[in-house]
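Participant: The structure is given below, and queries will be raised subsequently.
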């Protein structure tokens, strides 16, 4: 059974040696650049496509886009779960990438075919029957494809840096900044070139370029396979979480031991031969510690006891949840910049000219994207080294501090958006012959772009570094899940606020409703922006509480011990150790360390300190599974 144990423990692909690093991530950055061209271009322009081509009203167009984006980011959980459990992250990205390209092809065909589009004189409810089937099939196939890719890709990129190597671990923050820079560069091309082609030439040409760019991105990404470090999927992270909860409930009547050293933990040999790290016990959420109590005369089995490390994994995920929830409001604000802010620019009173060129309203986000393209290298090469000297933190500031800065700036962005809308509406109603420049909208976009630079990278790095090894794809998907909930919440806010304000406003109209962009001149979009600004400010204080409460993961240090071969291996202090003293008969004796009197115990009976090889190996294998 010795061989089977080694196979169970060795969850790293043995062919990974010499791979990884920035050489491997270059292929990932290329994919992100090409894929972001089409995805971000569609994010900012689809609402106009819905209004002008499919004849949706303003509210339906905004809600359709936010529901689509919400579904896309929600489905990142599917990609994260599959890549942690069943198929490796590279394969996951390629499978979902094929679906994404296929969806863009269908969107292109529909935009090209007059038979699959509503008649130009259709007044309302134009998307029905075959048109509706093709439209919603392509839209949600695109959501599945793009969401699945996002669930696995950031973790695949971060896997190229070994967290147990100090030099490579330090490079992880740089990787996430480069990841965002790749997205920004691709998005900048998308919201200028692709959006301009779609709006001024033909929508199907814009979708075709998006499909082509995405396909090229995945081809380049696949070519990088020889350079990637690939982690073999392990036990289902959801199953490990459920095991802890079930065992803790079963043991709810047991008293916790006086010291955490008496809780059950796997041997050092397991952790020395595995990529898994032993996680230090924490005193938060102690009710879950009951899952690590091994009653007298009970054999260690997965549904009877969980190791301290497994319990701590569940504690980490639980502590992450309030942080995750605190970022949802920010992404609700982001949804407004991709819907109502675009429609602000589409009104007749906004001057869209840039010299002799007519600048499409959906291309306004290029302004913050250009800022971010300069700010990200500045942050990485100037701010981080400067802050590192002061804080002595490898990333300059902690991930949670970075997220907090972004949350504050998102509130400022919504406040500024409200002020700009007041000026725009005043100009439209009082001085319609004096057009207001479209570039006034760049203030709200620019501030939010900087906020996104702080928060998105901070969350990705936070969820990856804090997550257990077997849950990293699922954990980084929390970043996209926050986006998903933010978009869904935007739809709810729009519907609820319109319903309430229709009843209380003298005009009997909702704050944000209408059939055409010009209806914005007679509603109260500014009040909706300020409502989100106040909500964002309150949410920041909510975030501060949970960020202060959060305890970062720490891994137990390893000390040296004799490995029987003249050399030394590492072990964690105060944990029962396995010493291979009798190989000939296939027996191994388990001795408690004599260095510490409070060494962790598995059983109260002293005579059970020795177990045979098969029993010990099967116990560890079952707990691992």
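Glycine residues also receive a Cβ, built from the backbone N, Cα and C atoms like all the rest.
Whatever TrEMBL says is automated annotation, not expert-curated.
From a predicted model like this one, the values you see are computed outputs, not experimental measurements.
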Participant: Can you say which of 27-52, 235-260 is given as transmembrane segment in TrEMBL?
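Facilitator: My reading of TrEMBL: the transmembrane segment range is 27-52.
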Participant: Is the transmembrane segment (133-153) close to the transmembrane segment (320-339), in the sense of at least 3 CB pairs under 8 angstroms with a sequence gap of 6 or more?
Facilitator: no
Participant: For the transmembrane segment (94-113), I need the partner stretch with the highest count of C-beta pairs below 8 angstroms, choosing only from 64-82, 133-153, 403-422, 442-464, 476-497.
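Facilitator: Stretch with maximum Cβ contacts: 133-153.
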Participant: Taking the transmembrane segment (476-497) as reference, which of 64-82, 133-153, 174-196, 202-223 has the most Cβ pairs under 8 angstroms?
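Facilitator: Result: 64-82.
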Participant: Are there residues at least six beyond either end of the transmembrane segment (442-464) with Cβ under 8 Å to its Cβ atoms? List them, or say none.
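Facilitator: Apart from its flanks, the transmembrane segment (442-464) reaches 154-155, 158, 172-173, 176-177, 179-180, 320, 323, 327, 330, 333-334, 337, 341, 364-365, 367-369, 371-372, 375-376, 379, 395, 399-403, 405-410, 412-414, 416-417, 420, 472, 475-476, 478-479, 482.
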Participant: Which residues, given as numbers and ranges, are at least 6 beyond the ends of the transmembrane segment (133-153) yet have a Cβ under 8 Å from it?
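Facilitator: Sequence-distant neighbours of the transmembrane segment (133-153): 28, 31-32, 35, 39, 54, 68-69, 71-83, 89, 92-93, 95-104, 106-107, 110, 116, 127, 473-474, 476-477, 480.
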Participant: Quick one: do the transmembrane segment (202-223) and the transmembrane segment (27-52) reach 3+ CB pairs under 8 Å, ignoring pairs fewer than 6 apart in sequence?
Facilitator: yes
